[in-house]
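Peer 1: From TrEMBL, here are the annotated features:
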SIGNAL    1-21  signal peptide
DOMAIN    26-37  domain 'Glycosyl hydrolases family 45 active site'
ACT_SITE  D31  active site, nucleophile
Amino acid sequence: MLTMFNIYILTSLVLTGSALAESGLTTRYWDCCKPSCAWLGKAQVSEPVRTCNKQDLWPNPLDPNAQSGCDNCEAYTCSNNGPWAVNDNLAYGFAAAKLAGKGERDWCCACYDTLKERRKAELYNRLTFTSGPVQGKKMVVQVTNTGGDLGNNHFDLAIPGGGVGIFTKGWNKQFGGVPMGNQYGGYTQRNDCYNLPAGMFRDGCFWRFDWFKNADNPSVDFREVSCPQAMIDRTHCGRWS
């Protein structure tokens with residue numbers, strides 16, 4: 001069942017203007033693969049989205065040319081790219097996206113806000129839920145990946161245990177074959193999250209059943225605004241324009 005929430009698009013370092021809101025939809029996933037925005041040259045950003053090794057650590061030295069764990073190599077999505085609650089009514093997170101008429105140079109490391117009117121102190125990317133179990137709550141999303149299988153104006157929320165989708169190889173290499181639930185949609189109950197490693201992987205999974213109340217594929221309105229520093233601190237990817 002679809003639920004509704006609003007979302008507006010933001011960039012990381014510079015406010016890009018007051019574009020009219022568009023409509024879209026969301027799903028969820030976690031495939032462990034290297035995010036598309038982690039490659040060099042995708043957009044004008046401070047640096048590509050950082051990836052982690054199999055042990056969920058930033059490699060030393062960092063290598064944006066490292067190949068994806070989904071291609072039997074060593075670059076994976078970091079556990080800190082999962083969602084977390086700021087308070088009972090606000091959460092931060094990340095997503096894959098595909099936006100009509102735009103490309104990766106536009107959406108890589110951009111963020112999304114749902115405020116129809118915003119003050120200078122409110123340049124955060126907020127999704128305002130308007131129906132369903134999370135009605136009235138807000139969420140911040142930065143786009144770190146591109147959804148090749150997504151339709152236009154589609155945001156695939158990065159939630160550990162949210163389903164591996166079309167890329168089915170990375171999780172087995174990183175997690176050693178632990179159950180990941182349904183290919184699309186992932187786990188069906190909170191206790192399934194204990195299959196994941198303790199820490200941010202498991203915490204991000206719990207978030208879905210706790211703060212997010214297991215909402216299923218909400219619809220959104222969106223436009224572009226500035227990202228909070230807390231998001232950039234996790235990905236190290238901020239947009240210059």
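Backbone N, Cα and C atoms are what each Cβ position is placed from, and that goes for glycine too.
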Peer 1: Could you list the residues of the same chain, at least six apart in sequence, whose Cβ is under 8 A from the Cβ of D31 (active site, nucleophile)?
Peer 2: C70, T77, V164, G165, I166, F167, T168, G170, W171
Peer 1: On the 0 to 100 scale, where does the mean pLDDT of the domain 'Glycosyl hydrolases family 45 active site' (26-37) fall?
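Peer 2: That stretch averages a pLDDT of 96.
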Peer 1: Under a three-state reduction of DSSP output, how is D31 (active site, nucleophile) classified: helix, strand, or coil?
Peer 2: coil
